Amino acid sequence: MDGDRVEIDGGIMEGGGQILRVSTALSCLLGLPLRVRRIRAGRSQPGLRPQHLSGLEIVRDLCDGKLNGGEIGSTEITFTPGKIKGGTHIADTKTAGSVCLLMQVAMPCVLFAASPSELHLKGGTNAEMAPQIDYTVMVFKPIVEKFNFTFNCDIKRRGYYPQGGGEVVLQMSPVKELSPINLTERGTVTKIYGRAFVAGALPIKLAKDMSAAAVRCIRREIRDLYINIQPVREPDDQAIGTGSGIIIVAETSTGCLLAGSSLGKRGKNSDKVGIEAAEMLLQNLKHGGTVDDSLQDQLIIFMALAKGVSRVKSGPITLHTQTAIHFAEQLTKAKFTVTKSEEEEPSNDTYIIECQGMGMINPNL
């Protein structure tokens with residue numbers, strides 16, 4: 001069998017967990033046996049961390065696959081996929097490792113399963129270096145559903161660094177195929193809203209401070225729009241540990257959603273958390289694209305699987321996006337082109353990501 005394995009170098013380009021997520025999901029979907037070497041070679045602690053291992057294990061379980069080298073710290077794995085079957089599955093990082101990253105690897109697979117799936121994903125809901133669960137629900141979900149599928153995401157419990165303990169239940173039904181998307185018209189910003197949260201031992205005042213600082217920062221650039229950032233204290237029975245953060249979403253007249261977010265941590269002033277999120281949002285609005293930096297790379301695998309031509313207008317192409325495109329092209333027959341957008345002012349760094357999708361058909365339906 002080894003002669004037919006697709007060989008993946010996990011140390012090139014972004015050099016992190018994303019290479020593992022994209023290539024394992026596509027291996028599972030396409031029935032391609034895989035070997036990934038030099039896993040996370042670009043990171044300070046190379047090899048598999050708990051959340052990467054949980055992601056591999058849930059994909060293995062979804063398709064009755066075989067995984068070798070699946071232990072913490074491992075820098076090489078082989079994966080042999082079976083048939084994707086759906087059903088109920090649990091993935092638990094047992095740390096504050098991100099449930100949103102577990103979702104990224106599992107979701108494309110369950111779309112092409114034989115029956116509906118219910119995934120219980122446990123770990124951190126609001127983690128550094130990963131999308132927050134609020135981002136997944138408020139931005140990722142409504143946009144990715146334009147590929148013509150729906151999913152339900154129920155946040156049972158929130159979990160924060162260092163202990164995690166959050167749980168999210170994802171319910172999805174399989175589809176026959178994915179439709180392409182065309183996100184090239186940004187429109188004008190019509191509303192700005194969000195939530196500033198605290199949990200555990202932190203007072204609601206911190207959430208109010210984050211919200212107020214964010215609003216002041218946005219007001220300097222955008223004066224005439226109502227901005228509604230709700231300060232919330234997470235109920236004690238729905239949050240494990242102590243955490244804080246903020247997410248702010250701008251919605252446009254054409255239905256685009258762009259966001260900025262930030263997490264609080266010990267010793268970090270709450271005004272600074274609010275300002276960081278506001279500045280990230282303003283940065284994402286400045287380039288004139290229809291998606292923000294965080295969504296850009298998350299759409300690539302769906303564009304590659306869809307039938308027909310997808311087009312997305314974005315700001316500067318991130319290294320995560322370049323990496324996702326590289327491995328999507330290596331493993332599927334999808335073809336991507338990235339061109340500078342002509343219709344913008346020359347000062348704008350705007351690009352069109354176009355993909356001729358492979359047109360994956362669900363063999364089980």
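The backbone N, Cα and C atoms fix where each Cβ goes, glycine too.
Residues annotated as active site, tele-AMP-histidine intermediate in TrEMBL: His320. The feature ATP binding site is assigned by TrEMBL to Gln104. Look at TrEMBL and you will find 13-338 tagged as domain 'RNA 3'-terminal phosphate cyclase'. Positions annotated as domain 'RNA 3'-terminal phosphate cyclase insert' by TrEMBL: 184-286.
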Average model confidence [pLDDT] within the domain 'RNA 3'-terminal phosphate cyclase' (13-338): 97
For the domain 'RNA 3'-terminal phosphate cyclase insert' (184-286), residues assigned helix / strand / coil by DSSP: 36 helix, 37 strand, 30 coil
